Structures are given as C-alpha cells and as structure tokens.
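Student: The following feature annotations were taken from Swiss-Prot:
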{"type": "REGION", "residues": "1-24", "note": "region 'Disordered'"}
{"type": "COMPBIAS", "residues": "12-24", "note": "compositional bias 'Basic and acidic residues'"}
{"type": "SITE", "residues": "His46", "note": "site 'Important for tRNA non-discrimination'"}
{"type": "BINDING", "residues": "Glu194, Arg240, His474, Arg515", "note": "L-aspartate binding site"}
{"type": "REGION", "residues": "218-221", "note": "region 'Aspartate'"}
{"type": "BINDING", "residues": "Arg240, Asp241, Glu242, Gln249, Glu508, Gly560, Leu561, Asp562, Arg563", "note": "ATP binding site"}
Amino acid sequence: MERSSRADLISEDSHPARTHTCGDLRAEDNGEAVVLKGWVDTRRDHGGLVFVDLRDRYGLTQVVFSPQDNQTAYEVAGQLRREDVISVQGTVRPRGEEAVNPDLPTGAIEVSADDLAVLNTSETPPFVVSAHEERQMNTNEDLRLAHRYLDLRRPDLQENIELRHRLYQTTHRYFDAHDFLEVETPVLMKSTPEGARDFLVPSRLHPGRFYALPQSPQTYKQLLMVGGLDRYVQIVKCFRDEDLRADRQPEFTQIDVEMTFATEEQVYELTEGLMADLWDTLEDTTLETPFPRMTYDEALRTYGTDKPDLRFDLELHDVSDCFAGSGFRVFDSIVDDGGHIVALRVPGEGDRGRAAMDRLEDHVTDEIGAAGLIYFQLPSDGSGIEQNLSSDALPHEYGRAAAEQVGAEAGDLVLTLAGHSPTVFEQAGALRLHMGEELGLRPPADEGDDAFLWVTDFPLMEYDEEAGRPVSMHHPFTAPHPDDLDRLDEDPTQVQARAYDLVLNGNEIGGGSIRIHNHETQMQVFDVLGIDEEEAQDRFGFLLDALRYGAPPHGGIALGLDRLVMLLAGADSLRDVIAFPKTQSGKEPMVKSPDWVDPEQLETLALRLDLPPDVEPPARIAQRKRLAS
C-alpha cells in the first residue's frame, strides 16, 4: 500500500509552534527565522535544489531545500508528494530578480529550509488540489463532494467560506448596534405545511407523532413579538423538502428579522442599512440608498418577472392595441379573450440572418414553452420591415405600428409573444433574459454594478388551478392592505398584500411583510384559503390564541444568507458557498446521506417501511430485518 511504503517519512513535530502563516511573509521579513506548517501544493526538483510550494488557508510560500543546508531534509523533501503535511524551519530571503512572482503576495521572498518534519503523508488525491488555478482540473462535482475535505483545501472555496464568516460577523454587529435581541427558536416544532413539504422527525416517546424541522421560524418570531421582545434577529437554519436546483438546498440559512410597531418604510430602511454595511465591509463599495422600488404588477409587465435584473435595459411592451383589427386570427382570438401581445425591442439585431432567427424561434417554443414567436426586423439600411408572416396573414402596417410604439429604429429587432397574463409576460421575461445573455448585455455574477430593487404591492393570493382555490402568494400570515379588506371574501386575488421582496441582479434575496395581528382578520384569511375553523385551531391554535391577548402590529423580513454569499462571491451555485452542501438530488456523497437505518431503529419509533415496488433496501438492511423478525 502507498501509505505503508511512505510511513517512515513521518516524524514527530519537534519544531516550535508556527511563527507565520503561508501568506504572511514579505520582503521586509528578510533574514527572519520562521516556522511554517502546511500542505505541499507542488514540488519541483531543479538544479540540485528542491522547491516546495507550501500552502495553508492564508496563502502560498516557496520553500527551498539545499543539500548544503541540511542533507537529510533535502533528501526527504525529494520524496514529498502533493498534500503531504509538513513543518519547516528556515530563514526568509529575497528571491532572485528573475524569480520574483508579482502575482503572489509572498512572491518577493522564499524560505531557505534548515529543517523539515513530515507530519503526515497523503495518498494520491482523486483530483488536483492546488493554489495554482491552472493546475485545477475540471473535476466532476460529485467526486469533489464525495471528498469535500479535500475540495475545501482549494483557495477559492476557502475564500468563499471566509466571506461567509465575515458576512456572519458583520450581520451580528449590525443588529446588535440596532438593539436587536438574538433569540434561538426551536428546531423541533409542529408540522404546519404551507407550500413546500416538511421534513418530519418521528417521536420515540410519543409513537405515531412527529416533529417537523422548521421551514422558517415564522410563527415563533411572531410569538416573540406578542411576547414583547420588540426586536428579534436570528441567523437560522431552515429546511424544505422540495425539488432542488442550482440556487436551492434542502437545508439553508436565513437572516430572520422581526419588529413590533414596524412599518414597511422601517423594514426597508433597516434592510438597506444592513446591505450598505455588508457591501462597505466586504466589497469596499458604497451603495446608494434608498433602493429603487417597483410594484409587482409593474415588474411583471415591464420585465416579465417579480425579480427583474435591472443591470440591462431591455423592456417589455404591451402592444395589443397596435394589432386591433389586423385580421390575424391568432392575435385577434387572444386579445378578444382578454389576452395580451407583448413585444421586446432588441436594438442592433435587425439584420439577423434567417438561420439565427430560426434558432431563436426554436428556443422560444422548445425552451421557453411559448406557442410561437412573431418577429419584425427593421434592416439597418432603412429598407422597411420584414416579418416571419406573409403580408396577407398580417399586413406590414401593424408590425410598423408595434415597432413605432416600442421605439424601434432601423437596425432593430422586435419580438412578440401572444397569450394570457401572467404566463405571456413570464415567457417574454424569459426571452428577455435569453437575449440579454446571448448579446452579452447581462453581466456575469461577479462583474458590473449591483442592482438592488424592492418589489412591492404583491397580490395577497393567487388562484391555484390544480387546487381549485386561492393560495397565499407569500404565506397566510401576511397582512392584507386595509383598503382591500372588504374585497377579501368576494375577490381575494385582487387584494393587495403588505408584502415586499428584495431583489439583487435578478435574484430574490429576501422577502417579508407586515403581519396580521388581529384574530378576526387571521381567521378570515384562513377561511378564504379553505382552512376551516377546526383545521385552523389544530394547525395554528397557538398563534390564534396569542392574537387574542393584545398582539401588537409587527412585521419583518427574511434574507437568504446562502444566496447573499453566492452573489457576493460571484459563485455559480449555492454549493460553492456552503461547507458541506447537498447535491441537486438532495444527497451528500461524502457521508452517503440520506441512508438506510437498521430495522431496530424503525421498530423503536413504531415505524414500518412501505416501499415502492422498484425500491429495495440493501442486503445488509434486508438481512438485519430478517434476523429481527
């Protein structure tokens, strides 16, 4: 075995304690005696010398072993491999002028080794771990996650974890300075599913009953306000059993905030202050506050989404009136049925060739899911207008009217989709993002100015066709606008909520609302949602009871900490900013969770598996089950 053949290299660490990290030393440290400890990043044999790049969390230092300084250390250094753990005693000296590395903070110096101790050896890692980006291979993510302890040695991942730590500390200091109390809420709570599924925890002491891991501390933080604690904050783990994607994890962290007697303006001001503090501390950037605001309806109709990316200017336009009386049956039937024709002006793309337009049409139908794309090209030579419909089907004058309404000029392209709200606006919004990325208008996550936006005035409820009833747009504790209370029973989807989302570069990073603090209003909302009095008392009786005892007005916000770090780091995925994340299938390859448990454990919990026919437990579990029976 590799380990046994190299075991004789390992020695006791007889060196003094580490004097410096591998990122500390500079030219002014010339001549200083130092002790460094870390991992071998690379080893090079050159001109009778051994060069080792020694790495730790703080940086990289070049160490030079010479037979003239210490023959034994030189010979051992020649046997070092990547990821061996060593301790080096030596002296700082300047590098030769031709050897200076200006890209490395320690690149002006090297350490001439006087002694070497190998603290542990490493087998050949399954992938390259290196501070040198060019040596980092495109490794399969599942392999990296299966050996996350190695992956965590990569400097870019360590920088993300450090950034996360600094965000934690800045957040704690900010809320402490604003007189907030940090209160821990229970992790084992009652199951009150709303939207996503709960993760359930069976109770051994109460067979047949279950705790749930919190999807958020929503009800608890409201109860803290009823309890008079006035200002609450918690950086808290939350859990949702839902389908995953790049920006979702089954367990995630949020900055949870609640205040009594709060108005929307106070929540905005507090949150903007936190963002300004974070950007100043972590990015050395001054944010302009207050952030711009946009209603939900305006965001949907202008950008096709409730989380618009304002870093580029393409906007949607409702051009339904331009096609009135056109005789084009597709447009006429949709508009007559209350639908919309939505246009997107794309500057400078009026000369696109037929093949490029065919690919765009395919993308609209295959990827975006729209019924079709009607487009109008205004060639840059000013020759008129071209469209992908015959003039018999749709006379050119209607396309020209739409182009004029959206401000198109010679050389521009006008794209139109037809359908019903909100779907057609969402499809047009997806087309906007596609064009922004294809044309390089949308900056990468780690480039360009950040664009914050408050989206306000959400509907309190939306109609769920599958459920056949209204459902909460946010959650059932969101306060309706007082002017709309009389519409709650008759037309709940037209009731405006006192809710708001914070958006950054097209990502929702937080959401909150002013809460219902009146028992009667809360019961009325439950009733509209199809939750009768008995079910409401069973699921939320503790909160309903609390609202009877002088509950103060209150409101707050929850900010996604993982997503904030991801955007600050310019990372592609939440998995790049969490130490031990789950995969997109909800698994953790390193510890192999979720895993089967012994039948005895299930029996203790009064549980029995009823598996689908195509799922069988592994042999080790099946064998134990037979023995137990």
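Note: Cβ is positioned from N, Cα and C throughout, glycine not excepted.
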Student: What parts of the chain pack near the region 'Aspartate' (218-221), using Cβ distances under 8 Å and only residues at least 6 beyond its ends?
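Tutor: For the region 'Aspartate' (218-221), the far contacts come to 185-186, 189, 192, 232, 234, 256, 258, 475, 477, 540, 542-543, 556.
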Student: For His474 (L-aspartate binding site), which residues of its chain lie six or more apart in sequence with Cβ-Cβ distance below 8 Å?
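Tutor: Expected: Phe458, Ala497, Ala499, Gly511, Ser513.
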Student: In terms of Cβ proximity under 8 Å, which residues at least six beyond the ends of the compositional bias 'Basic and acidic residues' (12-24) contact it?
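Tutor: Counting only partners 6 or more residues beyond its ends, the compositional bias 'Basic and acidic residues' (12-24) has Cβ contacts under 8 Å with 33-38, 54-61, 87-89, 105-106, 115, 117, 119.
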Student: Rounded to whole angstrom, what's the largest C-alpha distance between any two of Arg240, Asp241, Glu242, Gln249, Glu508, Gly560, Leu561, Asp562, Arg563, listed as binding ATP?
Tutor: 19
Student: How big is the Cα-to-Cα gap, in Å, between Glu508 (ATP binding site) and Arg240 (L-aspartate binding site)?
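Tutor: If we compare the Cα positions of Glu508 (ATP binding site) and Arg240 (L-aspartate binding site), the gap is 17 Å.
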Student: From the DSSP assignment alone, can you count helix, strand and coil residues within the region 'Aspartate' (218-221)?
Tutor: 4 helix, 0 strand, 0 coil
Student: Just to verify: the residue among Arg240, Arg515 with the fewest other Cβ atoms within 10 Å, which of the binding-site residues is it?
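Tutor: Taking Arg240, Arg515 as the binding-site residues, the minimal 10 Å Cβ count falls on Arg240.
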Student: Counting other Cβ atoms within 10 Å of each Cβ, which of the recorded positions His46, Arg563 scores lowest?
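Tutor: The recorded positions His46, Arg563 were compared, and His46 has the fewest Cβ atoms within 10 Å.
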Student: Sort out the sequence-distant neighbours of Glu242 (ATP binding site) for me: same chain, 6+ apart, CB within less than 8 Å of its CB, listed by position.
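Tutor: Result: Ala196, Arg197, Arg248, Pro250.
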Student: At a 10 A cut-off on CB-CB distances, which of the binding-site residues Glu508, Leu561 has the highest count?
Tutor: Leu561
